[in-house]
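Working notes, beginning with the structure itself.
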Amino acid sequence: MRAQPAASHFVDGRPLEDETGAPIPVIYPATGEEIARLHEATPAVIEAAVASGVRAQAAWAAMRPVERARILRRASDLIRARNEELSLLETLDTGKPLQETLVADWASGADALEFFAGLAPTVTGETVPLGQDFVYTIREPLGLCVGIGAWNYPSQIACWKAAPALALGNAMVFKPSEVTPLGALKLAEILIEAGLPPGLFNVVQGRGGVGAALVTDSRVAKVSLTGSVPTGRRVYAAAAEGVRHVTMELGGKSPLIVFDDADLESAIGAAMLGNFYSAGQICSNGTRVFVQKGIKEAFLARLAERADAIRMGDPLDPEVQMGPLVSQAQLEKVLAYIEKARAEGGRLVCGGEASVSPGCYVQPTVFADVTDEMTLAREEVFGPVMAVLDFETEEEAIARANATDFGLAAGVFTADLTRAHRVVAQLQAGTCWINAYNLTPVEAPFGGVKLSGVGRENGRAAVEHYTQVKSVYVGMGPVDAPY
Ligand SMILES: NC(=O)c1ccc[n+]([C@@H]2O[C@H](COP(=O)([O-])OP(=O)(O)OC[C@H]3O[C@@H](n4cnc5c(N)ncnc54)[C@H](O)[C@@H]3O)[C@@H](O)[C@H]2O)c1
Ligand SMILES: C[N+](C)(C)CC=O
Ligand SMILES: [K+]
């Protein structure tokens, strides 16, 4: 199977190759096959990408918002029309089952382009009356933005960053994860086909070093990263050197609290979606499932039954519900967490093994009797490993849910809606779900508190993060100077 793109990079409206850059083999994680070979961006490629972005941005910002919006809207239509072909590529790049990529990845990317196309023309300033004088404000684009992606939702992440950036008049240089570099190149092609002027969305490939070079370029106004907390710390610090704007979408160890009056089937379904979808490689997963004592054994028994029925295997088989992890490295990391959970006294309820060889598969795994001190309750695994903890009172559940440095998401299952709102009000998380989990429609702001991030993607909130306000004071009378 080959998925070799025309060139590694996409700069100033066309594919660009420079084979002197270090090779990036692209691996299909279900078989270990190399499906493409790209090259890291050299300084010359980075320079071309940044220079063309800066050059193109001024004219783009000067266009009427509805004209910009029309192009993005066209791109979203093209994505939808090509969803099958794009989803197949996403499956090859990530190993996620076609059953998921057909509905969750590019589809959400198309939603973002459509949403920000609609929103951009509504973004206006305000007028502040000051007697006869007044101030008016203008929301201006920031300029050239850098987007850096993680490997779990490569095309969705590219779209979630490109859509608000472009809709609001910025240019973007995007660096995908070196683990899943293919989707962003397709987005660049589609945007050109939709009528985007060259230079406004450039893709450069590379590992952390290429990302670091972009973040510290003096022409860059903003950096939006989706990645881990350690990378977030480095990128945030590097961006601070130039006092650049940042959006940081980082990791989590999110709690999902299930009270004893909850609809058990729904709570179990949500816990499974929030731990096993995308083989557990989702930032907002509810990986600490707090179950109230009285229903614990019933919860675990039914959960094990449903988890054992998950169909694992070839991600290209439309019946398959769970594919491999993204890479051999991720497989080893996840298996090490499973071993540690056993060693620290977790009770294995189901799964626990690598499976279906070759490929990077891990069974859907559940540990019960997990305590707050165990590694499994503290560190982000990014694999299909659920920790079930039990609790007695509401106050206890809230305190333990918040006892983490992360704060990306949280969920509550209960039939008592007064309690649901009371609990959510006290949870330290950027996104909370009540009787639902992991739904991230583009209409809703998404992002973290505490170490899970700064800034928000999606929703109206994203406008704040891709524009800046200019205040214009208008004097209507003579200047009253004391000298
Ligand atoms: N909050 C969210 O929206 C969200 C979404 C998806 C994934 N994530 C998080 O991402 C992580 C998994 O993704 P990952 O393993 O690709 O993350 P990562 O932190 O290893 O890498 C993220 C990106 O940063 C780049 N990078 C690494 N070092 C850099 C540096 N010094 N300067 C600039 N760029 C650098 C990488 O090349 C990659 O493109 C998990 O922690 C997960 O929770 C968060
Ligand atoms: C944003 N989300 C939850 C779809 C993917 C994060 O890993
Ligand atoms: K890959």
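Here the Cβ of each residue, glycine as well, is placed from N, Cα and C on the backbone.
Automatic prediction, not curation, is the source of TrEMBL annotations.
Annotated in TrEMBL:
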DOMAIN    22-472  domain 'Aldehyde dehydrogenase'
BINDING   Ile27, Asp93  K(+) 1 binding site
BINDING   Gly149, Ala150, Trp151, Lys175, Pro176, Ser177, Glu178, Gly251, Cys283, Glu380  NAD(+) binding site
ACT_SITE  Lys161  active site, charge relay system
BINDING   Val243, Lys450, Gly453  K(+) 2 binding site
ACT_SITE  Glu249  active site
ACT_SITE  Glu249  active site, proton acceptor
ACT_SITE  Cys283  active site, nucleophile
MOD_RES   Cys283  cysteine sulfenic acid (-SOH)
ACT_SITE  Glu457  active site, charge relay system
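On the structure: features taken from TrEMBL.
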| residue | record | DSSP (3 states) |
| --- | --- | --- |
| Ile27 | K(+) 1 binding site | strand |
| Asp93 | K(+) 1 binding site | helix |
| Gly149 | NAD(+) binding site | coil |
| Pro176 | NAD(+) binding site | coil |
| Val243 | K(+) 2 binding site | coil |
| Glu249 | active site | strand |
| Gly453 | K(+) 2 binding site | strand |
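Listed in sequence order, the recorded positions among Asp93, Trp151, Val243, Glu249, Cys283, Glu457 whose CB lies under 6 angstroms from an atom of ligand 1 come out as Trp151, Glu249, Cys283. Highlighted here are the recorded positions (Asp93, Gly149, Lys161, Cys283, Lys450, Glu457) whose C-beta falls below 6 Å from ligand 2: Cys283, in sequence order. Each of the active-site residues Glu249, Glu457 was assessed for Cβ neighbours inside 10 Å, and the highest tally belongs to Glu249. Checking the recorded positions Gly149, Trp151, Glu178, Val243, Glu249 for a CB within less than 6 Å of any atom of ligand 3 leaves no residue at all. Between the CA atoms of Gly453 (K(+) 2 binding site) and Cys283 (NAD(+) binding site) there is a gap of 11 Å, rounded to the nearest whole number. Using a 10 angstroms CA-CA radius around Cys283 (NAD(+) binding site), the recorded positions that qualify from Val243, Glu249, Glu457 are Glu249.
According to its DSSP assignment, Cys283 (NAD(+) binding site) is coil. Taking the C-alpha atom of Trp151 (NAD(+) binding site) as reference, the shortest distance to any of the recorded positions Ile27, Asp93, Lys161, Val243, Glu249 belongs to Asp93. Mean model confidence for the domain 'Aldehyde dehydrogenase' (22-472) is a pLDDT of 98. Asp93 (K(+) 1 binding site) sits 31 Å from Lys450 (K(+) 2 binding site), counting Cα to Cα.
If you measure from the Cα atom of Val243 (K(+) 2 binding site) to that of Pro176 (NAD(+) binding site), you get 23 Å.
Just so you know, the Cβ of Gly453 (K(+) 2 binding site) picks up 29 other Cβ atoms within 10 Å once every protein chain is counted. Inclusion criterion for the recorded positions Gly149, Lys161, Glu249: a C-alpha placed within 10 angstroms of the C-alpha of Glu457 (active site, charge relay system); this criterion is met by Lys161, Glu249.
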